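Some features that Swiss-Prot has for this protein:
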- ASP589, SER591, THR593, SER595, ASP600: Ca(2+) 1 binding site (BINDING)
- ASP625, ASN627, ASP629, ASP636: Ca(2+) 2 binding site (BINDING)
- 782-802: compositional bias 'Low complexity' (COMPBIAS)
- 808-817: compositional bias 'Acidic residues' (COMPBIAS)
- 818-834: compositional bias 'Basic and acidic residues' (COMPBIAS)
- 220-408: domain 'Rab-GAP TBC' (DOMAIN)
- 576-611: domain 'EF-hand 1' (DOMAIN)
- 612-647: domain 'EF-hand 2' (DOMAIN)
- 766-834: region 'Disordered' (REGION)
Amino acid sequence: MSSLASLIKTKLKLPDSSKNLNKLRWKFRLLESQFALYSLPCQLRFVHYNNLEDPNSFNGLLYLFTDYIAFQGDDESNQFCMPYTIIRKVSRVKSNDLEQLLSVSTSNGYEYRISLQVSETTAAHFCQLLREELVSHKADMQRSSEFSKQFFSERLCKPNVPEPETKDSYGFGARYGYPTDPRISRERAKLRMWKEYFLLYGANLSLIRVSLFSKLVRIELPNKLRGEIWELTSGSMYFRLENSDEYDHLLKVYSGQTSFSLEEIEKDLGRSLPEYPAYQNEEGINALRNVLVAFSWKNQEVGYCQAMNIVAAALLIHCTEEQTFFLMHKICEDYIPGYYSKTMYGTLIDQQVYESLVQRSMPNLHAHFVSKDIQLSIISLPWFLSLFLCTMPLPYAFRLLDFFFLEGPRVLFQIGMAILYDNEAEIMKATEDTMLISILKNYFSSLGDKAYKDATDKRVASITKFQLLLVTAFKKFSHITHSLIEDERKKHYEGVMNSIESFAKRTQIRSLQNYGTLTRTDLSNIYDRYHEVLSSKHRVGLGSSTDTRLEFDEFCIFLAGVTEWAKGLDAAAINNSSSFLRHLFLRFDKSMTGSLSLQDLVSGIAELKFRDVMRNISFIFELYDFNGDGFMDKPDVLKVSEAILWLTRFMGDEYLSAVSEFIQRCFHFADEASPDGHSDTLIDISDHMSSTGSENRSVGANSDIKVSLPTFRMVVLSIGLLEQLFSGGLADSIVLAPVQEKSSTTGGLRGLLDSLVIDTNRIGKTFRGHKPASRPSTANGTSNQNTTSEITTSETTATEKTPSNSSDTEDDVGDVVENDKDLLQFDPYKKNDA
């Protein structure tokens, strides 16, 4: 950082910890690559399309990130985040002791006024730093300008913007029909309100959020805008902008390659929303395949998990393939991390969080589940894993996705709690899992029905069960915030991870073979230490790899934990290619991959722990008989002697003389090698053992010798200390003590793990057999009366009585009319609603 930047940093308010930085990133939905460089207080104003300055202004903080400028108002609903590359011009309008006013113009024609609430000197320094950032991003400005032109908001506000080249720029729904009937949902009225909003407060990359933005999202997004607003509210729009060529690149680079994930994807393609027309032909199936395949290569640690196909298939109805790909990444990384990992640890953590919330908020219902042995997680897990797309009719599930991307994962918990709350009386009658499933299935299929059939008040009588669900979720359970969910996730994290790891441990230990005389306790201790060594780069519960292996340096660390002779190694000892540990590692590596699996390690230790002197002598001999010809040459004998000295360096000086005697006897009894490398004659052991003094045969210093296994065995057995070492001392030096115990696991999780985590067939049946609660209506199909998701209590106006195919394809929607505004009357967040 330059000296100027350092000076400014001392004067401006910056995040003082990584925790605060992560909160800022989440607030603006930015990637981990973004760092908050500077911030300062300011006041934000707007200059509208008619060049009139908006009388309203918003106080807050202005942030400079690595690639973005952002604003967060004192009122949480007021904010913006836009890339530097969308900014065409920044100029100082006026400057005095009270304010330093900047004018910011974007490449798509919007202008904003920012009043810096700092001294003139600080403002000047800030402007210089902003200028440096803009200059450094200048090369990408044209790309951002072209990027913004693809959005429907551009065409809605600027009729001269040409149609996008991609035929599915607004998802499959534009051609195959959207699940939401545009006439019933008053599509054109909503488009008019969004058009007015875009003209006032900017669009796509340059959009400013005010309180009206969230309200427009909550009353249901128009079909053609849904994908764009999902991208904006989730932050995947920024991710796609920064990696605009990645999706096509992945499909091209990995074309023709195979993996286990691809095999699983193929199994599920035909089971992904099969009732939707686009997935009844190859076009839709190919698009879904492309998204899932690209995602599996992009996130190879995750690959593919069942239920991802349901989510991706639903997103494609409103989004392009590329949009869906980046939305999936954002969902998996930021919104519900760990849901689609190999162990589904994120789902299991959230199930614990959900059950704890139920216990606190609805104790009677929780007690009923416990008394009747009803496993709530068996019912709720598919809700969370499929984002309710697997259980609700699509029009309602899409409404929940609108809230989900806007508000974050807390929406899943709020809706989950509201479902139980609104059905508590019926649920209390359930005595087993199947009854609960039946009750909720009937509920989901009737979400379009009136909630208060006997009400005399017209407005109350018009409220549907789905509207009531939203009111319950966002009012009754408004205390469920993003911070609360994050804190609860942290609270349950270790317990869930330990449970998963304990389950995985039991499963893997049962599959081990060739463990000789090792006990179950020994295997357990080896497993624990093995994964303890690997914990710095991998944790079993995260499921990031199915084949974790020890490299050589990690193997040395492992042995240091179970033997005295492997402790205190320096870099030279570890890097010595001729060391005993290197020979031992190569011996353990049966598959010759350069790393050790748990099975390799167990089999190797079982050999070392076998208390048989003849077998142990053969083991050491084979370590140094590299070519497997049954003989050791002179350098090999010296290496064995060095290994014995190294192994016994903590056992006493008497081994020095024993090793010296070992060398002498090996040389004494060895045969000189013939030209073909084999000894000429066998040694007559009885004659040599009786020879003394000058009768002993000496091998020349430069002679090639060969020591056979029988000779090696005879020499070792003739030296008492070495016989003791090989008969039991080596085995006893390996102490398989337990690793320090982890904290106890969460009580009710083991049953869930037993039935769900490993039992993939059961999960597969849940999603592969997916049928919606009721078939969704499409723009070119028949509407189902139970899938109506209107949220207005007024009747459809004459302006909306146009054919569905016309109302949904005509982009010239006109200006907002008075009747449009009654859409805003019902808002589940308002305090005075029923």
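Note that Cβ sites are derived from N, Cα and C of the backbone, with glycine treated the same way.
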Do any residues, 6 or more residues outside the domain 'EF-hand 1' (576-611), come within under 8 Å Cβ-to-Cβ of it, and if so which ones? 508, 512-518, 522-523, 526-527, 530, 547-552, 555-556, 558-559, 562, 566, 569, 619, 622-624, 639, 642-643, 646-647, 727-728, 730-731, 734, 736
ASP636 (Ca(2+) 2 binding site) falls, by three-state DSSP, under helix
Any idea what the Cα distance is from SER591 (Ca(2+) 1 binding site) over to ASP636 (Ca(2+) 2 binding site), rounded to a whole Å? 24
List the Cα distance (Å, whole number) between ASP629 (Ca(2+) 2 binding site) and ASP589 (Ca(2+) 1 binding site). 20
Quick one: of the binding-site residues ASP589, THR593, SER595, ASP600, which has its CA closest to the CA of ASN627 (Ca(2+) 2 binding site)? ASP589
Across the domain 'Rab-GAP TBC' (220-408), what is the average pLDDT of the model, as a whole number? 95
Looking at the binding-site residues ASP589, ASP625, ASP629, the one with the fewest other Cβ atoms inside 10 Å is ASP629
Whole-number answer please: how many Å between the C-alpha atoms of ASP600 (Ca(2+) 1 binding site) and ASP625 (Ca(2+) 2 binding site)? 20
What other residues of the same chain, not counting ASP589, SER591, THR593, SER595, ASP600, have a CB atom within 8 A of the CB centroid of the Ca(2+) 1 site? ARG549, PHE588, LYS590, MET592, GLY594, LEU596, SER597
Just counting, how many other CB atoms are there within 10 A of the CB of ASN627 (Ca(2+) 2 binding site)? 8
May I ask which of the binding-site residues ASP589, THR593, SER595 is closest to ASP636 (Ca(2+) 2 binding site) if we compare their C-alpha atoms? ASP589
